[in-house]
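Step one of this worksheet: look at the structure below.
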């Protein structure tokens, strides 16, 4: 769409308020920690000490499982948002055909699936063999690395191989990527579920307490600093920008886990899970805003099209009025010229020179041609006026056309062949003129050595009637095929038989087909003949 003053104010950028909110939320937990705000849940050792203080069993159980509850809520929130974002990305792909969005959507979907497995297994909803003290931190590190890796793979694919995706069928590429990622996801989930023991990932009292989380940290930094900015240059959408800024809470998540968390459900553990939810929320907001942006643009396009349509209708009306008035006003002086020319030709011209006689003849012929042009122009300006859509039997139309043209048909020995043509919805007068012009042209531009043969056929194709009018005339050179439907465009001054054309008849045909929301075209070979095709919609407007 052309950029206008009205559309330029809608720029595809993520609002600064969301960017600043993302940054503040990412660093706020650290600031609150420095003010001694505790986000953690009590450790098992604290619970054992509480037993000595005779705390009730129910309170102890609640205190023990509160960390699992918080973990479950945060993880399931992230899973839900990831799946929702993926679903919206696939819908947007169907609407726009943009391959960037679904590839990122696939990455988010399977990252969400990994998070879902991590959540369900750590909550014992899905059985796993390994102990939770190793299972939860290991599957966390694995899912985060998987999330970063699949994003890296998808973005690299879009940046470097977009030409390949566009060359081949997009849906096929999407299914291949989907299948590959599905196999990898299943393999990781299966390994974690059946492994009797998993590698140790937590090292309390070390500077890097969770070294496995460093891998995802490095990948998220790489995505934030290099790959997503490169993607944004190629696809500067709000969704991609939101994906870029979602790396801030993703990086903060990994910092809390890699350098802070040394046990399950401590404050860094809970902060990291909260920030992971934020890292999923930002792309979700981005894709929602993409939809809002597209809606705004579509609304503006519709308004601009309506304005342009009004202007165009006004211009067309002015042109039609101009053509009618001009043509009408030209009739009177033309009649005078034609009348005097006829009077002169009716006199004894023997006393005039041959050149003078020729000039008078040319004046008469030119005035007749001018009369034909004015008549054609008037008819062209009237097309579509006071029209009424009706069921029209094409056989009846052709019967009437043949009656009107019976004299010229007999004089030229023309044969017109057609069988069982359909009943269509259209404008009777205009359709009659359409067939009359095409048949008249087929007769007019016949071969001088062969009687005209015109075959009219029809076929129902994809909800439209397609008609063909085939002749055995002189044919049309290929270089003229695109010009013949333009008003006043003539290929030659006369046919082989000396008959002249005005250059308006086929323009009439084009306008009539436009009124019926169809198409018209011609296939032709010089010396063999032409076939004019046109389509008419079968549905009543």
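Glycine residues also receive a Cβ, built from the backbone N, Cα and C atoms like all the rest.
What TrEMBL says about this one:
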DOMAIN    325-540  domain 'Histidine kinase'
TRANSMEM  18-37  transmembrane segment
TRANSMEM  65-91  transmembrane segment
TRANSMEM  103-121  transmembrane segment
TRANSMEM  141-161  transmembrane segment
TRANSMEM  173-194  transmembrane segment
TRANSMEM  214-231  transmembrane segment
TRANSMEM  238-259  transmembrane segment
TRANSMEM  271-293  transmembrane segment
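Counting residues 6+ beyond its ends, the transmembrane segment (271-293) has Cβ neighbours under 8 Å at 10, 12, 14-15, 18, 22, 25-26, 29-30, 33, 39, 70-71, 74-75, 77-78, 81-82, 84-85, 88-89, 92, 101, 104, 108, 112, 144, 237-243, 245-250, 252-254, 256-257, 260-261 in the same chain. Remote same-chain residues near the transmembrane segment (18-37) are listed as 242, 245-246, 248-249, 252, 256, 267, 271, 274-275, 278, 282, 285 (criterion: CB distance under 8 Å, separation of at least six residues from the stretch ends).
Note on the domain 'Histidine kinase' (325-540): its mean pLDDT in the predicted model is 81.
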